[in-house]
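Q: Sending over a structure as structure tokens; questions will come in a sec.
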Amino acid sequence: HLLQFNKMLKFETRKNAVPFYAFGCYCGWGGQRRPKDATDRCCFVHDCCYEKVTKCNTKWDFYRYSLKSGYITCGKGTWCKEQICECDRVAAECLRRSLSTYKNEYMFYPDSRCREPSETC
């Protein structure tokens, strides 16, 4: 669920989702072409993860998880809920690891500047 993913982002990065909204070619709604940097690659991998669970309601399905001792742990639920949670958990952790290379120049990056050939998941 988008609100849950936002909480995971805050937990991992100590930032809200705004710095990652419309970042590069993949962060935010949709995605195209080649990721611009490590942060954008996290979003690319997140999109790829969601593509593997296309039959699930990735944006709106609530799942169980906990934030304890510096870790995100996904809880039990339906197959879809567990998979969505794992996609979000892995992405939040990836975005934390990429913070040191975050480039403000890619924030609110226009889609028209995403020109390099696409990568496949």
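Every residue, even glycine, has its Cβ placed from backbone N, Cα and C.
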Q: Which of these, Cys56, Cys87, Cys94, shares a disulfide with Cys80 in Swiss-Prot?
A: Cys56
Q: Out of Asp37, Asp47, which is the one Swiss-Prot records at the Ca(2+) site of Tyr26, Gly28, Gly30?
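A: According to Swiss-Prot, the candidate sharing the Ca(2+) site with Tyr26, Gly28, Gly30 is Asp47.
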Q: Check for me: which candidate out of Cys42, Cys43, Cys48 does Swiss-Prot give as the disulfide partner of Cys121?
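A: Swiss-Prot lists the disulfide between Cys121 and Cys48.
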Q: Pick from Cys43, Cys49, Cys114: the cysteine that Swiss-Prot pairs with Cys87 in a disulfide bond.
A: Cys49
Q: Pick out which of Cys42, Cys43, Cys114 Swiss-Prot lists as the disulfide partner of Cys94.
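A: As annotated by Swiss-Prot, the paired cysteine is Cys42.
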Q: Mind telling me which of the disulfide-bonded residues Cys48, Cys85 has the densest Cβ neighbourhood, counting other Cβ atoms within 10 Å?
A: Cys85
Q: Note the Cβ centroid of Tyr26, Gly28, Gly30, Asp47, the recorded Ca(2+) site, then list each other residue of that chain whose Cβ lies within 8 Å of it, in sequence.
A: Cys25, Cys27, Trp29, Gly31, Gln32, Cys43, Phe44
Q: Output, ordered by sequence, the same-chain residues six or more apart from Cys43 (disulfide bond) with a CB under 8 Å from its CB, or 'none'.
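A: Sequence-distant Cβ neighbours: Phe20, Phe23, Gly24, Tyr26, Cys27, Gly28, Gly31, Pro35, Ala91, Leu95.
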